[in-house]
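Asker: To start, I am sharing the structure in question, which I have written as structure tokens.
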Amino acid sequence: MRAGALGWDRSRMRKYVIMGVQGSGKGTQCTLMRHDLELTHISVGDILRWHVQQHTKIGALVRRTMAAGELVGDDLVESIVRDRLAQHDWNYGFLIDGFPRNVRQAGFFLESYDIDGVIHLDLPDEEVQKRVLSRRLCAACGMDYNLISDRPEVEGKCDVCGGRLVTRDDDTPEALAARLRDYYGKTEPVLELFRRKEYVLTVDARPDPATVQKAIRAGLNLPAYAA
Ligand code: AMP
């Protein structure tokens, strides 16, 4: 990491990108990071899923592509990111998850925003399959569960809101294979580009979420995580 990225100063705005293969725990780590650090979590996948659920025009455009595990067009994704960041509700900074996913998106992003660091969650392929295929999501509030490591108290029901737990349309073996292909073919080069700029903190994503969160905070010199 660059020396300038170190040290926690509440008055300074932070901008982080979180990257990692599907199932590496990006969403979970963002949740653990955002509250006390007051970072705004921006997940491009969540925004797109909202459009699909609400049957918007954008939802109709992306539904099939997403269900197949393929990447949505760059123009559309870039305009979503531009509009989301233009809301300026990120007074203390943001954590962007699921973007950039290819070199073109990275160019677009770096033209407009300087970043403090890239958190790379590293997970071996054999773990990815196991985690993704056991992932469940609350259809009502979006809370994530995992049938191996983070089971709901009552089977099929969200602990928080009682909503029904469903499988993401793109958490099938076929869609996962497509997403892994895109990750290694298109997203890994982005990581290389960020590495050359010395932005990247790579963290082992295999341990439990709290351990991973502690490693992220230690690596970025952020205030310690209190579970
Ligand atoms: P995620 O929740 O990040 O796994 O994203 C779910 C799906 O949304 C992906 O499989 C893509 O279809 C789409 N998506 C999310 N982010 C992007 C992006 N930056 N570029 C293109 N498609 C994206």
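Glycine too: its Cβ is placed from the backbone N, Cα and C atoms.
In case it's useful when we look at the structure, here is the feature table from TrEMBL:
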| type | residues | note |
| --- | --- | --- |
| BINDING | G23, S24, G25, K26, G27, T28, R135, P207 | ATP binding site |
| REGION | 43-72 | region 'NMP' |
| BINDING | R49, E70, L71, V72, G98, F99, P100, R101, Q105, R168, R179 | AMP binding site |
| REGION | 134-171 | region 'LID' |
| DOMAIN | 135-170 | domain 'Adenylate kinase active site lid' |
| BINDING | C138, C141, C158, C161 | Zn(2+) binding site |
Asker: Six or more residues out from either end of the region 'LID' (134-171), which same-chain residues have a Cβ under 8 Å from its Cβ atoms?
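Answerer: Contacts with the region 'LID' (134-171): 23, 27-28, 46, 49, 66-69, 179, 208.
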Asker: I need to check the long-range neighbours of the region 'NMP' (43-72): which residues 6 or more away from its ends have a CB within less than 8 Å of a CB in the stretch?
Answerer: 26-27, 30, 80-81, 84, 96-99, 101-102, 142, 168-170, 172, 174-179, 182, 186
Asker: Take the C-alpha atoms of C141 (Zn(2+) binding site) and T28 (ATP binding site) and report the distance between them in angstrom, rounded.
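Answerer: That comes out at 15 Å between the alpha carbons.
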Asker: From the DSSP assignment alone, can you count helix, strand and coil residues within the region 'NMP' (43-72)?
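Answerer: Looking at the region 'NMP' (43-72) with DSSP, the answer is 21 helix, 1 strand, 8 coil.
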Asker: To the nearest whole angstrom, what is the C-alpha distance linking G27 (ATP binding site) and R49 (AMP binding site)?
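Answerer: Counting only the Cα atoms, the answer is 14 Å.
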Asker: By the DSSP assignment reduced to helix, strand and coil, which category contains C138 (Zn(2+) binding site)?
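Answerer: In the DSSP reduction, C138 (Zn(2+) binding site) maps to strand.
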Asker: Tell me the Cβ contacts of P100 (AMP binding site) under 8 Å, same chain only and six or more apart in sequence, or just say none.
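Answerer: Set apart from P100 (AMP binding site) by at least 6 residues yet with Cβ under 8 Å, we have V17, A106, F108, F109, V190.
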Asker: Among T28, R49, G98, C141, C158, please name the binding-site residues whose Cβ is nearer than 6 Å to ligand 1.
Answerer: G98
Asker: Could you round the CA separation between R179 (AMP binding site) and G23 (ATP binding site) to a whole angstrom and send it over?
Answerer: 11
Asker: Consider the binding-site residues L71, Q105, C161 and say which one has the Cα lying nearest the Cα of T28 (ATP binding site).
Answerer: C161
Asker: Expressed to the nearest Å, what is the distance separating R49 (AMP binding site) and C138 (Zn(2+) binding site) at their Cα atoms?
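Answerer: Counting only the Cα atoms, the answer is 13 Å.
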Asker: List, in sequence order, the residues of the same chain other than C138, C141, C158, C161 whose Cβ lies within 8 Å of the centroid of the Cβ atoms of the recorded Zn(2+) site.
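Answerer: For the Zn(2+) site the neighbour list reads A139, A140, G142, M143, D159, V160, G162, G163.
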Asker: Have a look around K26 (ATP binding site) and count the other CB atoms within 10 A of its CB, chains all included.
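Answerer: Looking across every protein chain shown, the total is 22.
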Asker: G23, G25, G27, G98, P207: which of these binding-site residues has the sparsest Cβ neighbourhood within 10 Å?
Answerer: P207
